[in-house]
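Reading through the structure tokens given below for one structure.
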Amino acid sequence: MRLRSGVFASACLLVQALGVGLFLRGFFPVPVRSLPRSGALAGPPAEPPPTGFSSNWTKVPSPLFKKAVIVLIDALRDDFVFGSKGKRFMPYTTQLVERGTSHSFVAEAKPPTVTMPRIKALTTGSIPGFIDVIMNLNSPALLEDNLIQQAKAAGKRIIFYGDDTWVRLFPKQFVEYDGTTSFFVSDYTEVDDNVTRHLDNVMKREDWDLLILHYLGLDHIGHLSGPHSPLIGPKLSEMDNIIKKIHTSLLSKEEGEVTSPHLLVVCGDHGMSETGSHGGSSEGEVRTPLLFVSSAFDRAGGLLKPPELVQQTDLAVTLAIGLGLPISRNSVGQLLLPVVQQKTVREQLRYLHLNGFQLSRLLQENMATYEKDPGFQQFKMAEKSHGSWIKLYLEGNTSEVLRNLGKKVLRQYLEAIRVLSSSLSKQVAQYDTYSMIVGTIIVLEVLVLLLLSTAKALSSRAELEVPLSPLCSLLFYLTCLMLCAVHVVVCTSTESSCYFCSISWLTAIGVIMLISGLLCVILSALEKVFVNPKQMAKNPAAATSSWSEFDMLILAGTVGHVSSLGASSFIEEEHQTWYFLVSTLCLALCQETCRHYFLAKDCDLQLPSSAKANPEEVKGAHHHRDDAGYLQDASKTGKAANSESTRGSEKWMALATPWVVLVCCRLLRSLNQTGVQWAHKPDFGHWLTSSEHKAELSLVASVSLVMIFILVQRRCSLVSKIAMALGLLGVYSYRAAIGNVEFPWQRDSKDISKGIIEARFVYVFVLGIVFTGTKDLLKSQVLSTDAKTKFIGLWEIYSGLVLLAALLLRPHNLPVLVFCLLIQAMMTKYVWKPLEFDAAQVTIMHYWFGQAFFFFQGNSNSIASVDVSAGFVGLDNYVEIPAIFLTGFATYSGPLLWAVHLLCYLSSDVSRNPSAMGHGCFCYALLRSIPVAVYIVLVTGLRYHLFIWSVFSPKLLYEGVHVFITAAVCTFFTAMDHNHLRKVQD
Amino acid sequence: MKETEIKRLLSANVICIFSIIVATVTPSLFLENFSILGTHLTWLSICSASVGTVNIVLYFILKPNPSNRRTSLAHKVARFLRCCVYFFMSCILFHGIIVLYGAPLIESVLETFLFAVLLSTFTTLHCLCLLGPNIHMWLRVFSKNGAMSIWDSSLQITAMCSVVGAWLGAFPIPLDWDRPWQVWPISCSLGATFGYVAGLLIAPLWIYWNRKQLTYKSR
Ligand SMILES: [Zn+2]
Ligand SMILES: [Zn+2]
């Protein structure tokens, strides 16, 4: 079967996307979960009965605290409370920690340190899997067994004020709530006033048992200006006053009655890094304070020891015990013993037994060989000694023996719980190896196939033979059979859940047939290359001889980038790699232009004489002369086309272009500092977005919008020109409406809206322009008019996307868009076209620039830099599909715009090289599949690396999504290409 | 004749390498707590100064491209001044390129500039010594098959090696090893130096190896 390289490449990419999807599904493990049925059957365990006695303690123990208030301060770092900042700005809290009736801990949050998974960890006590981060986007109700649900079931009345993530997670559990949205990150006073305004009223009332307050202001300050901002101090003082107010009113409530004390918990969901963002695993992001205050506790002693390091998941079980609720089934936390230390030994042992029992049950449900686990064995031992302690106790023994035995049981329990908890936490990192292997095989097969067919696909015909006859061969059936057998064996033998086994048999067989088919095709391609090398020898020889330094640079850059993916710091600082490569590319282009314009003349003069002088050096000067001949031709055609003066100015522009591009890249680099190591350095973007530089931001935005219009409109039709202008005006008024920029005539208006009308106004024009473009494309397809209509159609689609990007990107990123357009325009006019780079080279340059722009717009390889707010532009509330689409587009707008520009460029280039589209598509597919295949193999090897969750997994997600997007783009390419080729054949 | 030329080239290059070693070792006898990493700026200036002087002295001793006509003193002075201007301009150019590659613009300007001076010493000064302030000659030497003597080939190789060395030297900077040599511009200047030394060593060897194939055009 003959295939054109474009069709072949997009088919390969689609298959690869399937493989990547399968790998991702296997790589991100499903977190440990208890089986739903078992929880319903088993109630709380009884106290371990000694022989001959039966305990009457079979129910959940009664609550220790009557009312509890949880003050959750978003992004509260431990040093904000326990460090020097705490001493300065939180005097009341510091006094509580040092001399009050309190217990303080440093709770360690597991990455990803993003609000929603952290709230889940705090309320369920389980460790949310990495996949929960992506679910953060649509945040469905929490169905897992959790503290809030248990409290509601026990008849407690819960009141909540604060971040509306809670309201979405627990939609029916609160008797009263007021959710504030974290939509406007630039607002850090109103979000907190919205919470505090209820406080006086609610503290007077008696009709609640659990009050949860989630303050967002500190987090917003962190995002705006970092942990060392002058705004932090006043915010901490505000929080300190709130804690003081709550504590004093709780104390005054207690005065009347002595029944049971109240509890105040102060905690943070995650910290913030040195730049003020969060999501990763740096110390500042992970360590949060956890403070229990209650009159039931002993007064903190005189000598101050640093707070003990505990896990964030420990809060859920401690609160469950404190409020007399059953422990959540999926909790992996350990009871914080100091909180219950005022109780009798029998009660303490009872609590620890409950905790240990719950953990060991979770272990039984998640591990086949649970009996061999040391924690489980220790727990069984502790249970036995607990029984004998009860026996002694019930016999009325009050001697030293009883006390010593009690201490010993306590220690045994604590140790057992610690071991159980850590082995359960490790379970989270269980990989679905089978799905991963299947995915990897598919991805690698596609890569090998692409590499094997490079020479043919990039030949001038841009066609290649895909041998389909082996598909019916014996080998194919044998492989299929063998793989099916393996599938059956694997799926029937493993206990753990496996995604590839759980899909339907028909789909699985389809995938298996795909794998074996690919294998057969690869084998026959290999045979062609190695068995009849003579036939092939001519082409590669010709190819290698024409390899210039420029091609070598491109090859070295690709290889270098791919090999850098193995080091975590190179992934964190991937932008540096791309900036470096792009700068080198510009210098190489500078050399190319110099050679083209200066040495061409020299060659004209030198070549005849040198050929005469040294007839024996033909070998050395072989391609030298080739070059010269080629350049002479080029200059002849150039002279014929242009007059001498325009040629002169063009020459200087061409010489200047690489330098202009270098300067642009340097400016863009200082717009957004990304990465990890240098992320704290001041950048222009932060300066612009800070509230006191609103006027400057407005100026930059308006100039950028005008520039965008000038650069885009030159190839549009009149209708879309007007639409573009109106759309860009709409973008500015949208920015003004949400308060990023201001109109010069309304200086003092403070009303901030979501700008829904303005954003929808822009969407209308985006759709309009894209529609016009599509219409032109269809027209060119049906009527098969000249390539010009098609080019205009493509350019209109491109400009529609530019308009959408202008709307969705962060306000200070509009210059990125301008420079993107400027670089594209200059490169096209002065470098790519005059110097006649071939389609493959131009594609690779586009890809590199696209990658660099991905980072120029402020992205990084950490989840924290995804701008989720782009998903809400023009939407009243969260709607899943548009939100995901808009966020994805905003994140990948750099690579996407460059890819679409490539399409425009190649379609205008088609007259010179009819197979340009196919070559471009193939190169693009190859460039994307090399890093993703290598990275998948690397990540599999590094899956027990320390940074797997904080560095490698986010990068894997980015790579995966990029493959999906590239597959879509390449399919679009092929659709365009198809039309053209058919026309040529006619 | 060619053999002797290669020997002369080799000895000149060995002297250059030796000057770098001397510049690294001897200052610690005179200066307290001198080290490449600790007092990198001092090392940079000493190294460029010594390599520069050695190059100029070698040029006067060896005279690789002897000029035929005798020139007046005024002409020589003008030539020298033009050399100085060219050298300074190349320093500025290198500085600009380094900043465009992402070096900080304002902070550590001195470090960047001294690194640019070092790079110019390794490349431009060499060119100035061998070819004189003549841009057309430079363009010729650095274009394909433009070398006219083994000195030209050696110049090509050393200049390429130092620039590539500096380029490769930038790679360890993002690694989070927190080593003292990862500080800007130490790894790059060390890379350039190693590249230069490697170039000095490779050039005679490569020329010796390919002496049969190398046929230089007569002027
Ligand atoms: Zn948060
Ligand atoms: Zn945040």
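Each Cβ is built from the backbone N, Cα and C atoms, and glycine gets one as well.
Any TrEMBL annotation is an automated prediction that lacks curation.
Straight from TrEMBL, the features:
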{"type": "TRANSMEM", "residues": "A:434-454", "note": "transmembrane segment"}
{"type": "TRANSMEM", "residues": "A:466-490", "note": "transmembrane segment"}
{"type": "TRANSMEM", "residues": "A:502-526", "note": "transmembrane segment"}
{"type": "DOMAIN", "residues": "A:648-959", "note": "domain 'GPI ethanolamine phosphate transferase 2 C-terminal'"}
{"type": "TRANSMEM", "residues": "A:718-734", "note": "transmembrane segment"}
{"type": "TRANSMEM", "residues": "A:755-772", "note": "transmembrane segment"}
{"type": "TRANSMEM", "residues": "A:792-809", "note": "transmembrane segment"}
{"type": "TRANSMEM", "residues": "A:881-904", "note": "transmembrane segment"}
{"type": "TRANSMEM", "residues": "A:925-944", "note": "transmembrane segment"}
{"type": "TRANSMEM", "residues": "A:956-976", "note": "transmembrane segment"}
Selection from A:434-454, A:502-526, A:755-772, A:881-904, A:956-976, the stretch that has most Cβ pairs under 8 A to the transmembrane segment (A:925-944): A:434-454
Close approaches to the transmembrane segment (A:881-904) from elsewhere in its chain (Cβ under 8 angstroms; 6 or more beyond its ends): 137-138, 791, 794-795, 797-798, 801-802, 804-805, 808-809, 816-817, 820, 824, 842-843, 846-847, 849-857, 859, 866-868, 870-873, 875, 917, 920, 924, 961-962, 965-966, 969, 972-973, 976
The transmembrane segment (A:502-526) and the transmembrane segment (A:434-454) contact flag, 3+ Cβ pairs under 8 angstroms: yes
Spatial neighbours of the transmembrane segment (A:466-490) far in sequence, C-beta under 8 Å, 6+ residues away: 1-3, 8, 434, 498, 500-501, 508-509, 512-513, 515-517, 519-521, 523-525, 528
Beyond the flanks of the transmembrane segment (A:956-976) by 6 or more, those residues with Cβ under 8 Å of it: 6-7, 9-10, 13-14, 16-17, 20-21, 23-24, 27, 134, 777, 790, 794, 861, 863, 888, 892, 895-896, 899-900, 903, 907, 917, 920-921, 924-925, 928-929, 931-932, 935-936, 939
PLDDT averaged over every residue in the domain 'GPI ethanolamine phosphate transferase 2 C-terminal' (A:648-959): 86
